[in-house]
Amino acid sequence: MTRKKVKQPLTIQQKINRRTFISFGVFGALATGAALGYKWLYNAPTEGKTITGGARVPLRRALNKTELAMRRLFYSEKHLVKTYPKSMAAKIVRQNSDVGLESGIDLPTWKLEICKSNGQQLLISIDAIKALPKTEIVFDFKCVEGWDQIQYWGGLRFVDFVKHFNLDREAKLQYVGMETPDKKYFVGLDMDSAMHPQTILAYEMNGKPIPVNHGAPLRLIIPVKYGVKNLKRIGSITFASSRPRDYWAEKGYDYYLGL
Ligand SMILES: Nc1nc2c(c(=O)[nH]1)N[C@H]1C(S)=C(S)[C@@H](COP(=O)(O)O)O[C@H]1N2
Ligand SMILES: [Mo]
């Protein structure tokens, strides 16, 4: 008679040992993976010069992917920022930082400078901008410093501006850069946000010409972004396929700064 070798069921102790062994194995593999991954990330080169040292390149790539995905989601839903009745707008508008506004401005001679992709430069007067259809918006303006206020602004939608001044070729690029006339304050914007239907080149605040400390004669009002991107006293606008310089991004803030 042949004795069949019966596989004995494992005892409780054996089961415990086995599980402990497996869990330690899995834990070990995960830990090693994480350590190697961290080492890889830690040794990866950084990108950009910021006070935080800039994100490691792989991390920056992941962040850029997330940003793109978020943007698609954001705009595919035709996301509009919440608006309010004019009666809710602040009568005394909060005034914040003034980089690039220290020098005086001669309003009658001011002209908006546009750098076209063919190297041509356009000089546009405030009257030419005011002659185009005006768009008004009452929205909650948000500063990263932690305050917000319902404000009422009026001006020319950036999309309308692009159409009117034949900047469609420029608008196919990925970024817009804006600077004050003295070039001391500057922002970079992704094209989708610049072309958002609520983004305006504003020349009115509470139905009157913008006061100097709020950015006369023309400022950016971009409700899909935090206050920092709402550049006061625009001097020039450029279009680019790479990120234009950005005052606060250079100091370590997130470049996108979307809401
Ligand atoms: N030229 C210029 N524009 C600027 C700034 C600045 O310092 N200089 N500060 C930004 C910040 S941080 C905010 S919150 C808003 C404030 O605009 P306000 O002064 O009209 O409230 O302007 C933005 N635009
Ligand atoms: Mo701000």
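The chain as shown is numbered from 1 upward.
Cβ atoms here come from the backbone N, Cα and C positions, even for glycine.
Annotated transmembrane segment per TrEMBL: 21-41, in sequence order. Annotation source TrEMBL lists domain 'Oxidoreductase molybdopterin-binding' at 105-248.
The domain 'Oxidoreductase molybdopterin-binding' (105-248): residue composition by secondary structure is 28 helix, 53 strand, 63 coil, according to DSSP. Averaged over the domain 'Oxidoreductase molybdopterin-binding' (105-248), the predicted model has a pLDDT of 97.
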